[in-house]
RNA sequence: GCCGGAGUAGCUUAGUUGGUAAAGCAAUGCUUUCGUAAAGCAGAGACCGCGAGUUCAAUUCUCGCCUCCGGCUCCA
């Protein structure tokens, strides 16, 4: 066991060396075609490597093929990586035409090292394979795509051209990855959303403004009802707010100063400026302040499923995952300081219940804390922060899941717990967020009367469990590959008569299902059974019932289930009375599994 | 916003070295009445993303714009 583990580790570090070595090879090949291209940096990444260049004229995808061929041509001549150390002056002289390398050299403290393979020398701290010609198979890597990337990741800097490559231990692993990626793309929520009639985005309405089609709206409504009822069980109070507010509200909250560019504004006939809400906190604060509060009222949890509007950078918008209008399952918890811990425990409990129900196992937990080197940019005193961070840490530790602590990622008003889930092509999206806020209670002067009869400051928790219905649904579509569990399925049962003469019985069964709250459809089309079954399967409907002479005579229904969607053919459940089937459906819908 | 790619019937795609477009599926009509992943036939359906320019002629070439995809940056 131990031995295996250490072997794995060795392999991992070896593949990193391979990927890093390939980045050098890529730069060498690029230099062959574009001698004046400036190579900047080129690290190994998860599935391969990349290298950023400044080209004097743009290159495109079509150029990748020849560069890849050149890499394969050079590879056999690379028998080693020879490293060495140089002085800063020598290094500056060698890379005198490359301002990017010069910038790096000027920043280096300590040794400056370079590595040479074949005719190509690069500034590099090391980590290569000993003999590329022997240790790298030309079949195990492939240039993937081309992209723009700012120098040092800063949008104020010049945009460079990044070439991404894929690299694995073997050709087989590379092929496997490519097939996997292809499979993942099939469950893309944008593609399935269209195929299954879930949502649409109209150019005329505007980009980033998705609209739910009837079937998608069923899923959304079910999600909304679900999260509402879970919150109501825990004693949350639901409220409703308007979607615009006077500019002054956001000046007071500080949002306008910080995020004004992302908040659409409008003027009324008197010239008064209103802002479309991009967050709900200030409205909920005003609801809190509408009445005096006693310590006996706390925790007070104001919840709402409500749409916010955010002007995102246009290149960022993507299907349901990044949009301009999104409905949050937002909650603001108004609590006493000594309730922070129990409240977070409760919220994490709710979150685990929700994630568990959907079978989300592949998520990342982050605790975002202050940047310890820059405490000044956060609100509140040290002791409260330390306490708050300790509580988050303790609660997440108790939970027992792996997590990372992200320094400097806290909100200016407090630390937070963020949960990120991957989409079908591996990108991470934040869903749940739990934020501890000591700033806005001061700002909005939010108080309660304590046992001692004196005024005390409340603490606010900003919480969204699903995050936004849009993003959650996007992730859910990909997670289930469109095969939603029964309770979420837009169409739960399709009634399929074998021949026209069975239509009346089919209609009768359909009516029965509808009357009992089952979302059913009846397929009366003039088509053969095979085609109707095929359609039901393509529509990813969980159950369909086939009705022919046999069923009409026995007064039963023959039930088939979608079963395991990855294998052909449904799962035949046999014949039963309609009432028995209805009972099974209602049980499954209720249990939501 | 920036870099690269793309936009042809509802969908998936073909095509034109410049002469306004082809197919399958879907939809419609007729035939067929069928027991488990696509029955047959027919007609219809396209300002070839939008706007300019070049040309006798532009879906095709050039420019601008819009939208989408991947990436960068950002993300209360």
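Every residue gets a Cβ built from N, Cα and C, even glycine.
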Listed by TrEMBL with A:281, A:332 as binding Zn(2+), from among A:456, A:462, A:479, is A:462
Mapped onto three states, the DSSP assignment of residue A:281 (Zn(2+) binding site) reads helix
Please identify which of A:281, A:332, A:462 has the densest Cβ environment, defined as other Cβ atoms within 10 Å, among these binding-site residues. A:332
DSSP state at residue A:332 (Zn(2+) binding site), helix/strand/coil: strand
